[in-house]
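Q: Supplied in structure tokens, the structure appears directly below.
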């Protein structure tokens with residue numbers, strides 16, 4: 001429904017004064033107006049035009065997507081291209097979406113799950129949890145970022161990633177574009193949100209001490225608060241992680257990212273800034289186990 005359209009025709013009825021619903025004119029020239037209950041459709045009513053998002057909202061979402069892509073590129077280091085995942089997308093069948101029921105890991109490394117099993121289920125659990133860690137707000141703070149890098153990457157890769165990521169997250173122009181100050185803090189009274197929500201995992205390749213795992217997830221990213229110029233938006237990605245069994249645990253050696261698959265968005269009213277902020281603070285993250 002367009003702005004100013006209350007679901008009734010305006011000036012199109014045959015009675016001359018407009019406002020008739022569906023243009024119906026009775027014999028005594030008295031127009032009738034019927035308001036249907038919510039959810040019912042009048043077959044004689046004109047079709048309602050779909051709501052179109054504003055250009056400002058489209059621009060904001062585009063900026064957020066580009067920023068998330070830049071972060072992913074910095075995490076990768078830009079030294080390898082994607083491979084294998086498309087060719088193996090059909091492998092594994094329905095088992096790729098069936099939960100195994102295996103007991104979740106109990107160990108933590110800097111607050112990040114660790115001690116994964118040396119098998120396909122274990123490496124998939126690692127992939128889901130590491131996707132969450134690498135997309136968290138903790139990546140924007142130096143101390144917690146260092147802890148994450150050491151927990152998810154092999155030692156040599158963690159060292160290699162540290163410099164580019166420190167440079168990215170210290171870039172004031174970058175931080176300003178996403179609504180943060182030079183210390184990666186949101187404006188007073190607002191909440192910075194960056195959270196990945198894995199939907200599923202899939203083994204692309206498994207060879208004993210090495211594995212490739214794809215993680216499909218949705219991501220929430222933005223600043224929640226009145227007057228935010230980068231409101232929280234949702235996007236969808238698939239990350240493919242390359243793993244090596246190192247130090248009795250799975251560690252990332254590289255990863256690639258691509259957009260989607262993204263579902264069709266439902267016509268659902270967006271929550272207020274306060275509701276979104278309260279939801280993120282009130283609903284804690286999960287430890288994922290295959």
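Note that Cβ sites are derived from N, Cα and C of the backbone, with glycine treated the same way.
Remember, it's a predicted structure, so these values are computed and weren't measured experimentally.
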Q: So which range, 21-38, 39-56, 57-74, 75-92, gets flagged transmembrane segment in TrEMBL?
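A: Result: 57-74 is the stretch TrEMBL calls transmembrane segment.
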Q: Choose the correct range: of 234-255, 256-277, which one does TrEMBL annotate as region 'Disordered'? Give that range.
A: 256-277
